[in-house]
Amino acid sequence: MDPKYQRVKLNDGHFIPILGFGTYAPEEVPKREALEVTKFAIEVGFRHIDCAHAYKNEEYVGQAIRSKIADGTVKREDIFYTSKLWTTCLQPELVQSALEKSLKSLQLDYVDLYLIHTPVALKPGEEILPTDEDGKLIFDFVDLCHTWEALEKCKDAGLTKSIGVSNFNHKQLEKILNKPGLKYKPVCNQVECHPYLNQSKLLEFCKSHDIVLVAYGALGAQRLSQWINPNHPHLLEDPVLCAIAKKHKQTPALVALRYQVQRGVVVLAKSFNKKRIKENIQGTIVVPLAIAVRKLTPISRFNAEMSYVCLL
């Protein structure tokens, strides 16, 4: 980790800030809200912004970034922006046009990181979740090695500085890593990761291949009926987590975020609440919550392989 800027070096030489601002919001939240909260996140210190085509708000996130560049708060090179290739665009011939579509929405010349959003392919088309007459998802078949080659070409074309994956297990990662003629390794794997699902084995595998693990859902995920199992307990109400937080006069959320940082995991903090956005950056990066690693060890024992997010 680069201690001065709280960044982690990627295997292609670029650097990623250890704390990122997640911009996903449920359907009932107006997409335009991403504009104000992203501007605020940049104002209070976030430099790593995580978004995706599937979030349907890249236009507003891009507008926020450009606004903060225009008023002198940041330069483009200060911002680390992540976008993702949606699962309906995994066919190799669709990859570059999908990235160009995101860039057009953002009105940016390049993204800093472009990820395969999920290794599961759906039928190509304009629908985010294509379904048949019975409401069932329509899947597609694609060789992810060919998709990866298309991402490599996007990197060579200067459309993205780095390329990586999301929601991959170690076998899916191995398929890419063992691909004949591999030009660039994935720089990261973005997965659900929190104390109830600490991904310790996947983290060890990624570290052994110089791949950074990026954690989403680090605070236990929002309680969204479409994606989230409502029967799981609330992470931030866990008694051990709350006890550690109380002892250090901090919030359970900050303890959960700091836990990931001290493991060398890049972590995404997602909130549209300005007070919490400021708390997250202040307590994790600006004035880091000082808790000895040994005092956070009990959190690792929470692991129950409990996933909040129901993937495709």
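In case you wondered, yes, glycine gets a Cβ from its N, Cα and C as well.
What TrEMBL says about this protein:
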- Tyr55: active site, proton donor (ACT_SITE)
- His117: substrate binding site (BINDING)
- 19-282: domain 'NADP-dependent oxidoreductase' (DOMAIN)
- Lys84: site 'Lowers pKa of active site Tyr' (SITE)
Cβ atoms within 10 Å, counted per site: which of Lys84, His117 has the most, among these recorded positions?
Lys84
Could you measure between His117 (substrate binding site) and Lys84 (site 'Lowers pKa of active site Tyr') for me? Cα positions, answer in whole angstrom.
5
Write down the Cα-Cα distance for the residue listed as 'active site, proton donor' and Lys84 (site 'Lowers pKa of active site Tyr'), rounded and given in Å.
10
Segment-level pLDDT (mean, integer) for the domain 'NADP-dependent oxidoreductase' (19-282):
94
